[in-house]
Amino acid sequence: MNLVNLKDASDKVNFAEAVKKGLGKNQGLYFPEEIIPFENIDEVLALPFVERSIRILKQLIGDELPEELLSKIVTTAFQFGAPLVSVTENIYSLELFHGPTLAFKDFGGRFMAQVLANISKGEPITILTATSGDTGAAVAHAFHGINNIQVVILYPKGKISPLQAKLFTTLGGNIHTVAIEGDFDGCQQLVKAAFDDPEVRDGLHLNSANSINISRLLAQVCYYFEAVAQLPKKQQDKAVFSIPSGNFGNLTAGMIGKSLGLPIKRFIAATNLNDTVPRYLKTGEWTPKSTIATISNAMDVSQPNNWPRIEALIEQGYIDKDSLIGEAVDEEYTQVAMRQLASLGYVSEPHAAIGYRSLSRSLAGDEVGVFLGTAHPAKFRETVENVLGQPISLPQPLADCVGKPDFSVDIENSYEALKSHMFSILK
Ligand SMILES: *Cc1c(COP(=O)(O)O)cnc(C)c1O
């Protein structure tokens with residue numbers, strides 16, 4: 001598989017290099033040189049999840065990873081399913097929270113960890129990543145205990161739910177967590193600065209496990225196929241996907257799925273008040289505002305870093321721009337949607353509720369809607385309990401880490417502070 005830097009077409013790499021580097025020159029994103037659609041999509045849809053996922057990843061990655069290795073990687077990474085649950089007659093939730101950290105990021109995180117562990121052949125690597133919540137947990141769990149890989153996770157102090165934080169700050173070992181005085185965009189700026197600093201980038205063999213890493217996106221393509229495969233046959237070509245979005249990795253993955261021939265009718269980019277993309281789709285003007293803290297905090301992103309890939313998918317003719325609309329949902333309607341879902345017998349959390357709300361507003365009579373259930377409601381227990389007025393019990397992975405000590409270190413929002421911290425712990 002060849003990937004081209006979207007900021008510099010002369011920077012072309014193979015899959016392994018793209019996974020190791022994360023970002024290309026000038027902080028450009030890597031994008032597949034070509035996406036070849038399946039000839040027979042029904043045959044692919046008929047396969048069981050893991051087998052189908054191996055086929056999808058082989059179609060994308062090509063012969064670069066031997067089939068046996070790819071098969072081992074996928075089998076190790078995807079040890080949990082993605083059930084499609086019916087919420088109303090024509091609306092489904094694709095539940096992506098049955099992995100160890102209860103959010104969709106387990107799919108990409110675990111696939112990436114297995115790929116890196118297998119292609120790095122023991123050479124030292126430092127993963128540096130910023131998280132607005134769920135990435136940190138997924139990456140931490142996915143890499144925990146992999147010998148040659150150290151992980152540094154930055155997160156905005158006090159801006160993610162305490163339960164969510166517990167999932168990644170309590171692991172220790174090769175997992176180092178840093179609370180930054182600032183918001184998620186600030187954390188992302190620090191990560192970018194580190195990648196621009198050769199002393200850190202080369203000295204510590206930096207890699208970012210953010211959703212900018214192509215391996216995470218490719219893994220996520222697999223569950224869009226799984227969703228369509230679970231739909232009743234006569235609904236399979238009518239699906240509208242509503243994607244609760246922050247950095248827009250999930251939407252990018254869905255669009256890569258459609259480019260492979262998956263019959264997705266159209267997409268809804270659903271955001272909270274951080275609505276840079278919905279405003280852009282309506283007005284054509286890219287005018288990010290400062291980030292607003294919301295109850296769907298994993299989507300509190302005003303400068304989504306995967307957006308250039310979506311533009312590329314449209315510009316290169318894989319995706320028709322009319323098959324994407326944007327919807328922004330404010331705090332009040334996020335809660336209204338959570339209550340509506342509960343009255344339908346489906347307890348959900350703010351991110352998925354935004355997907356549901358955006359879908360129910362725009363779904364036509366002859367369409368079937370799928371919103372992504374991006375996280376387990378217990379991960380946002382305080383909010384869910386407040387909004388629904390009913391107790392939420394903790395699933396095992398969360399219950400297990402509640403009483404464990406927190407290994408995080410606080411640092412100010414400054415690159416120099418981060419740099420000296422990293423050298424002090426990673427020497
Ligand atoms: C990460 C995350 C999102 C946003 O996904 P992107 O791929 O960054 O757009 C939405 N919901 C939850 C629960 C998340 O963890």
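Using N, Cα and C of the backbone, Cβ positions are placed for all residues, glycine too.
Any TrEMBL annotation is an automated prediction that lacks curation.
Note that this is a predicted model, so its numbers are computed, not measured.
The domain 'Threonine synthase N-terminal' annotation in TrEMBL covers 8-78. Annotated domain 'Tryptophan synthase beta chain-like PALP' per TrEMBL: 94-364, in sequence order. For Lys105, the entry in TrEMBL reads N6-(pyridoxal phosphate)lysine.
DSSP states for the domain 'Threonine synthase N-terminal' (8-78), grouped as helix (H, G, I), strand (E, B) and coil, give 42 helix, 10 strand, 19 coil. Around the Cβ of the residue listed as 'N6-(pyridoxal phosphate)lysine', the same chain contributes Asp134, Thr135, Ala137, Ala138, Val139, Arg216, each under 8 angstroms and 6 or more positions distant in sequence.
The average per-residue pLDDT of the prediction over the domain 'Tryptophan synthase beta chain-like PALP' (94-364) is 94, rounded to a whole number.
According to its DSSP assignment, the residue listed as 'N6-(pyridoxal phosphate)lysine' is helical.
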